[in-house]
């Protein structure tokens, strides 16, 4: 699913401009302001000739008296158009970044689950924050500097040609050499910029993992290891940044050297060809001033090239992400709740074209009944639970909901029918009320409280200083494991979907809490089709059907008592837990 093919610069520019196009009126105003700014600068250079010639050679007192007014008007106008141009270009850039960030985030949210299995949160954050910001530099700072300086270069060259085209042509001979230097550094900076982006993703990833897993890091004494790993990543990032800096230095120094040679050639020509080329002192000094002024914009343009290449590398990374296919979301839209009858027909599944995890899985869950999945680790329990809401697409076979293949239903319609409570509870840095009402944003406070009571969460919520308006911190860090689990259960209760998936839903609770939650879940499960994955077999004894999986195949199925009477795989697992025997090979 990864797309790392290089995109040609022309296509990148064209695609990037499609994001700029909606803001073209402001962009045009900014471009015109920057052109006027450069024109004023070039005009001042031309005025140098007039100032010198009419002030000291052919004295023109009327013109001399106007010089202060010309300077005042020119500098004032220059300042105004500079501010206007800068504001317009920055406005366009930040608008592009806003749209691009929103587009990237929306795309990431709708990517298939198997993309998340490979990509890390650090890499994704780096794309949203760092790579998109590089694009901003292309569409704002780089574009502003490019327009200002390229117009200034054109203006100064025009001034030189008007004053003395013969000497100006000599200077133009240096342009091809400047092009050779810029072309070399272009390729080098673009290549290194890809490495910089990759290392930024690694730095973000390492920091994110260490911060999120700080308890494990500390209890296992991994501080030095994490610091060393982070330092290595930042050092590698620094080295790549220095490679870019070296390329910039070579670029700038080379261009300055070429320009210096050009200036020296013109001075020599003016001295040795004085009998052929007639030029006034003012004209000669104006040409020299123009050439000296050319150094700064030429230097900026060559330095700017590195910024543009970094921005294009960032754009390439972002567009590669945007080119990844989204979840297939075409199908029927269900207007009403389903009854909840689920059937797996000859289901096979493999992750990323690897070996099959599931082999010819067949079973039926009658509407309103509960089915529990048990088996060794890696037997396919979680895979089955993930296939039902189409987190992954089937490799082979069919899953039906009320007789309709789930592939023929829209994802939104299908997932509206399902609630999920998993072992790894996800809470957002928001209030308890908003966490319970996640996905049901129109729920009233009374409905939220009712759901919390059914999940036995209302009691501890009332004891908090702000009650239901208490913020839970990042991923519910301010709550205990049992409290987080109860909030997740309350969220599922409030959704009131006809299908319920319980993936180790009571694993994080103490015995007393589990007793109450189990009672609450039994009430919630009534009338709902429930798929249960549980570690403790004692919690699934009352399931209508228990399915035993081994190596992706169904080896037994029946009620709790029926499976005990078979004295097979399930009976062995149950006895191990019932009598507290330790068997490391058995993980249910």
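Positions of Cβ are set from backbone N, Cα and C atoms, glycine also.
Per Swiss-Prot, the feature transmembrane segment maps to 23-43 (among others).
Per Swiss-Prot, the feature domain 'ABC transmembrane type-1' maps to 28-310.
The transmembrane segment annotation in Swiss-Prot covers 56-76 (among others).
The transmembrane segment annotation in Swiss-Prot covers 141-161 (among others).
According to Swiss-Prot, the feature transmembrane segment maps to 162-182 (among others). With a cut-off of 8 Å between Cβ atoms, the residues of this chain six or more beyond the transmembrane segment (162-182) that come close are 46, 49, 250-251, 254-255, 258-259, 261-263, 265-266, 269-270, 277, 279, 283-284, 286-287, 290-291, 298, 302, 305.
What Swiss-Prot lists as transmembrane segment is 257-277 (among others), and the listing cites sequence analysis.
The transmembrane segment feature in Swiss-Prot is assigned to 278-298 (among others). Among residues of the same chain six or more beyond the transmembrane segment (278-298), those with a C-beta under 8 A of the stretch's C-beta atoms are 41, 45-46, 48-53, 56-57, 148-150, 152-153, 156-157, 159-160, 163-164, 167-168, 171, 178, 255-256, 259, 262-263, 266-267, 270.
Per Swiss-Prot, domain 'ABC transporter' is recorded for 342-576, and the stated evidence type is sequence analysis.
The feature ATP binding site is assigned by Swiss-Prot to 375, 376, 377, 378, 379, 380, 381, 382. DSSP assigns residue 379 (ATP binding site) to coil in the three-state reduction, outside any helix or strand. A 10 Å cutoff on Cβ-Cβ distances gives residue 379 (ATP binding site) a total of 23 other Cβ atoms nearby, all chains included.
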Cβ-Cβ under 8 Å with the transmembrane segment (56-76): same-chain residues at least 6 beyond its ends: 40, 43-44, 47, 50, 280-282
Number of Cβ atoms other than its own within 10 Å, given for residue 382 (ATP binding site): 17
Mean predicted confidence [pLDDT] for the domain 'ABC transporter' (342-576): 86
Contact set, same chain, for the transmembrane segment (141-161): CB under 8 Å, 6 or more residues outside the stretch: 30-31, 34-35, 37-39, 41-43, 45-46, 85-86, 89-90, 93, 167-168, 171-172, 286-287, 290-291, 293-294, 297-298, 300-301, 304, 307-308, 311
Candidate with the highest Cβ count within 10 Å, taken from the binding-site residues 376, 381: 381
ATP site, defined by 375, 376, 377, 378, 379, 380, 381, 382: further same-chain residues with Cβ within 8 Å of the Cβ centre: 383, 549, 552
